[in-house]
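What follows is one structure encoded as structure tokens, with my remarks underneath.
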Amino acid sequence: MTVTTPFVNGTSYCTVTAYSVQSYKAAIDFYTKFLSLENRSSPDENSTLLSNDSISLKILLRPDEKINKNVEAHLKELNSITKTQDWRSHATQSLVFNTSDILAVKDTLNAMNAPLQGYPTELFPMQLYTLDPLGNVVGVTSTKNAVSTKPTPPPAPEASAESGLSSKVHSYTDLAYRMKTTDTYPSLPKPLNRPQKAIAVMTSGGDAPGMNSNVRAIVRSAIFKGCRAFVVMEGYEGLVRGGPEYIKEFHWEDVRGWSAEGGTNIGTARCMEFKKREGRLLGAQHLIEAGVDALIVCGGDGSLTGADLFRSEWPSLIEELLKTNRISNEQYERMKHLNICGTVGSIDNDMSTTDATIGAYSALDRICKAIDYVEATANSHSRAFVVEVMGRNCGWLALLAGIATSADYIFIPEKPATSSEWQDQMCDIVSKHRSRGKRTTIVVVAEGAIAADLTPISPSDVHKVLVDRLGLDTRITTLGHVQRGGTAVAYDRILATLQGLEAVNAVLESTPDTPSPLIAVNENKIVRKPLMESVKLTKAVAEAIQAKDFKRAMSLRDTEFIEHLNNFMAINSADHNEPKLPKDKRLKIAIVNVGAPAGGINSAVYSMATYCMSQGHRPYAIYNGWSGLARHESVRSLNWKDMLGWQSRGGSEIGTNRVTPEEADLGMIAYYFQKYEFDGLIIVGGFEAFESLHQLERARESYPAFRIPMVLIPATLSNNVPGTEYSLGSDTALNALMEYCDVVKQSASSTRGRAFVVDCQGGNSGYLATYASLAVGAQVSYVPEEGISLEQLSEDIEYLAQSFEKAEGRGRFGKLILKSTNASKALSATKLAEVITAEADGRFDAKPAYPGHVQQGGLPSPIDRTRATRMAIKAVGFIKDNQAAIAEARAAEENFNADDKTISDTAAVVGVKGSHVVYNSIRQLYDYETEVSMRMPKVIHWQATRLIADHLVGRKRVD
């Protein structure tokens, strides 16, 4: 690292203090490596002087056990918030240095395995921060002045033969890094001076939406990394048959447009022959003949088990092939090892160790839409419908469909009852719902549903009970293979793409001793798991069910599955049974919608209200936002019958607008809070809701009525609320935009040489445009975080022209350019299309397309519905748990301290970080982690996705 100016403030000497011998030695080692300092002090047990030509740093040892414990606790706290909060807001001391090469700093910190935060982004930082062993925040900046705001991307390294094959370093294995690429389409890195690896991909077992996205990502990332890409047609059947007809080399353009197609374009088939050794022997021979030395399998547990067996037998298979003269000595030496990797393509979501499988959310989407449609006809005739869904031994589809459609009853294999119990339970719930005026009855049956004695429960059994015992006009709907059909939803396309990239990384990094990896998603991060261990855990569920050990079967499911089941039972009972809480623990809780409509808002209101009823709380709705309350006292207690159907409706049933409390009338709002004696408040909405919570929390000193627990559930398609990686409505909006883009792309494909510039909403957030770009394979995307430079625009026009030339004579010809509305104030989508058309000089033309408020979506997606339910119930729990913390403060008016952390923490944002639900104080978020003028969080968590999207379409980025 080159330190050109010692400290940002110009000083050249600094002293830091260690309070234990261990931290003292660690600090000497840290600063020696980090700042390339030399130890220039004479031997001394209590101090060390480190320096170079620009800096002198003295480290003192002052042993103090008490202070050292505090330092260790502070350091532990800072490490725990590395990915979620800005260290600078928690720092007691900090040092900041200047550097001429911030990339070298980043590489040094990565080599040291030191924690790291970068601003404005970790990809292209102007400032980098780490933690020293003494609890200090140590920063480095490349800017020349303190108010510089334009990030300077680090220089890209030249590709060389020494580039490491590790996803932990920047190389061909990391598509989320900016590197020098060629000027021609597709823009790829210069080839390395090493033998080309040949990577094949195959899909096996049952097809699943998203498999094509997985294949596309594997083929293109393999090519991007200098490898040859092959596909094995018709699954294991293609391996056994072999030859160029079944093992084909694919090139960049061969997978163009595949993301928008359902099923698997390379085919899949069940192959009994591969289960025999002779079949696997043929498969090995055919792979060797094609020169393939790495295989990625996308399929379920059976397909992945076969792949791992194939790899374990590989040494003996090739020995036998050599002995029988079916391969040459040269082939034997070159193909001694086969690297295998698995990605899970299954609509059942039954694979242990991963939170989601490719295709599961698409199948759930089909089921929910089908039930939404069925409910309309059920309501017309006051009928009951028994809906059978897939899932084998996993009840995930049935459970989440039950939550998303507010079904009356569900049958899942993990929680069976005796034959008489399930009949009594179902009839009790259905009759209670009917007696309260519900005209429809929906019962969801998983195909693996069983009674406690392992007797299968069929839709016919359920139909018979509903007819015979309740006299309901009942119909059976078996969705069957409709659940597998159609194009993948946005989540599955993105998941399949990111897992495809990591699968290529995994096979490139594998050694003969590395266990076969499975690419999984845990806490929203793509990770590798041992393949066979995952398969064994998956099969253990079925074994536990067969052994009637249902407690173990449930324990093998992830904690979120159990939470969903408890949530379903709570919201389904509503106020039909005796409340769980005693009268003195029951609360009055209000809910209000603030900001623009977003998918899932109604689901949150419905779930909050029904959960409150089941506990004994009284739910209130504030209609038409803060202005409705201040002007018209629009407050109403919610009752169950009035909310029927809300779980699956779009928009906002209780009304919403962008008015904040200060704009409406804080005094009147406080008056009505006091009049109705609210014990808690839930706000659902976007950045205006975030502002509202901030204003109410700040007003607590003046208005005692606001001294109650208050919580915000983020809901906005922009996904720009600080404190969460996910806002309700963003998935619905992403799917609406994706479907619009698919249709527009089809139109562009029909007209040769046509590109569409699609205007995306999102305010100053590029989330929607970024993820839609990845999901639909857009050639270019422009977002507010980067803007539109003339140099990049010129490069993009030339790149588009070349891509049209390459695609000549092929199908799926259309091109898409996504532009966030605020990416440029000067260039609207219309103006941008005109500029592109003029500069293209007749080689192609561009037209604008405005999806507008269509992006808010119609029916909310199942992801938004189920997450709304989860977050609403968490919000009610937060209010209940924080009553005691603020109760005393409410009573002691004179001694009220709004700055007390215990008090300020009772106003929070409930958010999703990874797969965890977290609570962040509104004061902490607003003061330290928000760019208020930009209506954005300071840390952009989706930044790396942009480079992945660009690399997968061969776009060249201009630094």
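Each Cβ is built from the backbone N, Cα and C atoms, and glycine gets one as well.
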Query raised in the report: Considering the ATP binding residues ARG270, CYS271, GLY300, ASP301, GLY302, SER303 given in Swiss-Prot, which of GLY206, GLY210, GLY359, GLY391 is annotated for that site as well?
Result: GLY206
Query raised in the report: Here are some residues: SER20, SER171, SER431. Which is flagged as phosphoserine in Swiss-Prot?
Result: SER171
Query raised in the report: Which residue among SER204, SER312, SER803 does Swiss-Prot mark as phosphoserine?
Result: SER803
Requested in this report: Take the Cβ of ARG754 (beta-D-fructose 2,6-bisphosphate 1 binding site) and count every other Cβ within 10 Å, whichever protein chain it belongs to.
Outcome: 19
Report task. May I ask which of the recorded positions ASP348, ARG383, ASN719, ARG754, VAL854 is closest to GLY206 (ATP binding site) if we compare their C-alpha atoms? Result -> ASP348
Report summary line: Densest Cβ environment (other Cβ within 10 Å) across the binding-site residues GLY300, GLY302, GLY763 belongs to GLY300
Report summary line: DSSP tally for the region 'Interdomain linker' (574-587), helix/strand/coil in that order, comes to 3 helix, 0 strand, 11 coil
Report task. Across all the protein chains here, work out how many other Cβ atoms are within 10 Å of the Cβ of LEU717 (beta-D-fructose 2,6-bisphosphate 2 binding site). Result -> 31
Query raised in the report: For ASP301 (ATP binding site), which of the recorded positions SER346, ASP348, GLU447, LEU717, ASN719 has the nearest Cα in space?
Result: SER346
Query raised in the report: Taking only the binding-site residues ARG270, SER303, GLU447, ARG484, which one has a CA atom nearest to the CA atom of ARG475 (beta-D-fructose 6-phosphate 1 binding site)?
Result: GLU447
Query raised in the report: Which one, from the binding-site residues ASN719, GLN761, has the smallest tally of other C-beta atoms lying within 10 Å of its C-beta?
Result: GLN761
Query raised in the report: Considering all pairs of residues in SER346, ILE347, ASP348, MET390, GLY391, ARG392, GLU447, HIS481, VAL482, GLN483, ARG484, annotated in the record as contacting beta-D-fructose 6-phosphate 2, what is the maximal C-alpha distance expressed in whole angstrom?
Result: 16
Query raised in the report: When neighbour density is defined as the number of other C-beta atoms within 10 angstroms of a residue's C-beta, which of the recorded positions ASP301, ASP348, GLU447 has the lowest density?
Result: GLU447
